[in-house]
Each structure stands twice: as C-alpha cells, then as structure tokens.
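Copied over from TrEMBL:
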- 499-512: compositional bias 'Basic and acidic residues' (COMPBIAS)
- 49-444: domain 'Acyltransferase 3' (DOMAIN)
- 499-523: region 'Disordered' (REGION)
- 144-162: transmembrane segment (TRANSMEM)
- 208-230: transmembrane segment (TRANSMEM)
- 237-258: transmembrane segment (TRANSMEM)
- 278-296: transmembrane segment (TRANSMEM)
- 308-334: transmembrane segment (TRANSMEM)
- 354-373: transmembrane segment (TRANSMEM)
- 385-407: transmembrane segment (TRANSMEM)
- 427-447: transmembrane segment (TRANSMEM)
Amino acid sequence: KGEDQPPEQEIVRLQPAPKGYLMRAMEAFSLYTTLGEWVKTRENAPTTALDGIRVFSMAWVVFGHTLLWPLQGTGYTNEGAIVPFEGTHDAIMSTWSGQAIQSAEFSVDSFFFMSGFLASYVALKKMRGSTPLSVAKTAPGLYLHRYLRISPLYFIIVWFYYEVVPLTADSPYFDLSSEKQWCKDHWLKEVTYVKDFWPADGLKCYGVSWYLSDDMIFFWFTPVLFAAFFWNRIAGYLLPVCGAIASIAYSWWAAYHFKWRVGTFDGSKYQPDYYVPPWTRCPPYLIGIVFGYFYRDWKQNKRELPSGSWLAVLIDSGLLGLSFLIMGACVYGAHSDAQSVPGQMKDENNYAYVALSKPAWSVGLAIFAFLCFEMRLPLLARFLSLPFFQCISKLTFAMYLLHPMVLTVYFSNKVDSVRYTNLEFTINYLGVLVVTTALALLAYLVIELPLSTIERMAMDVLLGKKKGAGRKAKGLLLPQDRAEKGVDADSHEVVDFAAEKGGPGEDAKQVDDVGSVNTPHSG
C-alpha cells in the first residue's frame, strides 16, 4: 500500500541572498525608504517630550533671527519701533512680549542641554558595566562616527550657500564675497570644528556653525566624563558639576572685568567673548550630562514621585512652579535693561545675569522635562510627544543649517529698507519658517538620512561587523550599533548619542535622528 503513494518531498524555502553594500547604498536614497523612516514614531518612550521641546526651540531660533536679519542688509526704516534708542518709546524690544525676541538665545541652551542629557542617558544604558579603560577605547570610534554623521549635510549646505545662492542675487545688498573668502582662508578651522577656540572667528564663515563647533568640542570630553563615572559614581557627578561651576565663576569675573553687557545693541563684546566660546557656554551641556545621570539612576532604581494624594499635588505644583519661575526669570530678568540703549541695568545685576541666566535656564528646563518624563504633566507630555513633533524634530538639524540661507535670500534681495510692523513681521516669520521646514524635509530625505545610512555601513566595515547582521530590512537602523546608536530596551527609544546634534535635531540625534543640531540650531 505504501508503494502506491508518491514519496514525500521536502519543501525547501529559499532565502534571498544578502544584499551587497552597493545595493544597500542605492536603497538608502529610495524615497520610499526614507519617507518611511521619517514618519516612523516611538510610543511609550519616556523622553519623547524632548521632540516637542526641540521643535519649539527651533521655531524660537527662527523667530529671533527673522527680526534681526534685515539689520545686516537694508535695515529698517523705523528702527526706533524695534530698538529703544534715546527718544523712542514703545519699541518692541522694550516690551514684555518683545523680551521673547532677545531671549531667543535660550533656545540654543535648550539644544546644548538636550545634547548633554541624551549623551549621558544613553551612555549609562549602553556602557553599563564598562571600565574607564573600555570607555577610552571606544572614544576614537565615537569621534569618527559623530564627525561623519553631522559633517556631510553641513559641508553641502555651506558649499551651496556660497556657490549657488549668490546666483539669485538681485540687489546691491547681496554680497557674500568677504564671507566666502574667509571660509577659503580658514577652511581647516571649519572642517575640524575648532574655530570657537578663536572666539572672534566663531560667527564668521557660515555664522550659525559656531553652535556645531561648540557642540563638537563638548562631545570630545564626554568619554572622559563617562570614564570618571564608571570609575567612581560620585566622581562622575562631581566632575561636570565642578566644570559648570568653574565656567560660571569665570563668566562672572569676565563680565565684570571686560564690562560685558547683555543688551544686543549695547556695543560690548558679550557676543564674541561670552556667547561663542565653549568655556563659557558649556554649563547647559554639563547640566544635561548630570541630569542624564540622575534620570538613568532614577529609572534603574525604579523610583517614583508620590501619587494620588495632596502631597503629590503639592510636589508637582511646586516643581512646575519652580521651573516656570526660573525660566521666566531668565526670559524677563533683563526687561529693565531693555528699556533703553545702552541698557540701564545696574552693573552688578548685569554681570550676575550674564553668568547665571543660561545655567539657570537649563536647570528650569531639566525640572520641566523630568515632570514630563514622569507623566506628572500628562497633557503637556502627550502634546509634546505627538507624532507631528516626532517627525518635525528629525528635521531640526537641517532647519538650523538652512534657515540662514532662507533669510539671506529673502532679505538680502530687497532693494528698499524694511518697515517693521507686527503684521509684516508675523508674515515674514511664518513664511521663513514654512519654507525652511520644507527645504529641511527635502534635505533630510535626499541627503541627511541616506548619507547617515551609508555612514553606518562604513562604520560596520571599519569595526569589522558582519555585513547585514542584525539589520532591519530597510537597512536604516542597526541593532549592533548599540554602543553608538542606543536602543533603549526600556523605552524602545533609539538615540545616537555619538551623532547627537541636539540639538537642532541632533539626536545624538535622537534616534531616528531628531534632530538635533540639539540643533543648535541659534544665535
């Protein structure tokens, strides 16, 4: 009977052959793939509120620059409506609402803070059990990864700005020749991100790139900070705290010695000598590092704030009030100084404000972020974590780099001075913001994301990883990159702290890149 039945046949399922590097590199430029990555969101990740904070910070950067950019070209016909020169009244920058313009520089401190936080928060998870020596051994790879991650888009945009954008020139005010020549003469400072060691050079070439230089310099020191933490936890906390205190002390002394004034139009050297140098701008980054240590410890020890009682309400209200009080004091603390040019704030108050306002802002932001992470502000936390913000946050690095180009093309092509009105400014701001976002999306899909995929492939080869091992089908997220592109097993959040630009989008880039260059991108 068995002879009447056909013999059983074994079913063989053929597995597709692994794709080669060339094919994967070509697929990286597929819009189908990059669009899928752009709209991918994270759920139930405790730190997704940072996406909304990053988007609003980037919008704040554009807000401040939109008002100030015409001053570099045609100027305003009614500058007295903006700047409270002697004899003018009700200038916008002297009003309470106008303080949001000058205080836009705090958006950069938000990016620095987020860069530091994401770096340490991810590092403690991914390097758990490491020794100082093992941390030191990873440093060269992290430096190379970060450099290759943020540089291509920056270099392409700078090239486009000086070689292509001048072709749109249609005004005698449109002249980039001196800036272009400076870039050619000092290109090595630009490509190595060291120009901020010469503060007078920080705002030259592509002005907003000072943020990238500072953020890169800060990142150079993170392996030292992490090594100290894994050597001794107390030393790990104390080292960045002492660094921030030393920076604040120097800034306070230097503000007194060099007579720095916080007012934008006061004519002091506040901008080049305080605003740019890494040794004065590092406190927000270091505070972010410490907050990352704290929050990782908080989660690992499964600590929770009290809930369901009057004590919980009191704690939540107290922390939220403290956060708003600190950040409000930073934004409006110089209001009295903004009533005239030069400012009339007492010298001792001015020096204290210069030294303390940016670190204080970072502390206030840390408290607010903590409440959002712990869902003690559920409505705000869910709002800031909306998929819309998660998607736009990935664009903030490109937005930071592109918005000066948009502003230059728009304002430098004018042949007449701009007249300031609230309506005109609002229209200009919204127009610049929308165009910048659209261009950033294009740059992200066509340049930034594909090149980041190729960069990770190159790092695979350099680090001797097996081709395609553990890679998702789309080839954009490498689980084996966990040391550099942290995948938080608790939150399913992916954060590449070696690429974190914070910045504006930089997510050490938060996974998927948020963008930051934390953004900055700023100033």
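Along the chain as shown, the residues are counted starting at 1.
A Cβ is built for glycine as well, from the same backbone N, Cα and C atoms used for every other residue.
Heads up, TrEMBL stuff is auto-annotated, nobody curated it.
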Stretch-averaged pLDDT - the domain 'Acyltransferase 3' (49-444): 93
Beyond the flanks of the transmembrane segment (427-447) by 6 or more, those residues with Cβ under 8 Å of it: 29, 31, 34-35, 38, 59, 62-63, 66, 152-153, 156-157, 392, 394-396, 398-399, 402-403, 406-407, 410
Segment-segment contact (the transmembrane segment (385-407); the transmembrane segment (237-258)) at 3 or more Cβ pairs under 8 Å: no
Contact between the transmembrane segment (237-258) and the transmembrane segment (354-373) (at least 3 Cβ pairs under 8 Å, separation 6+): yes
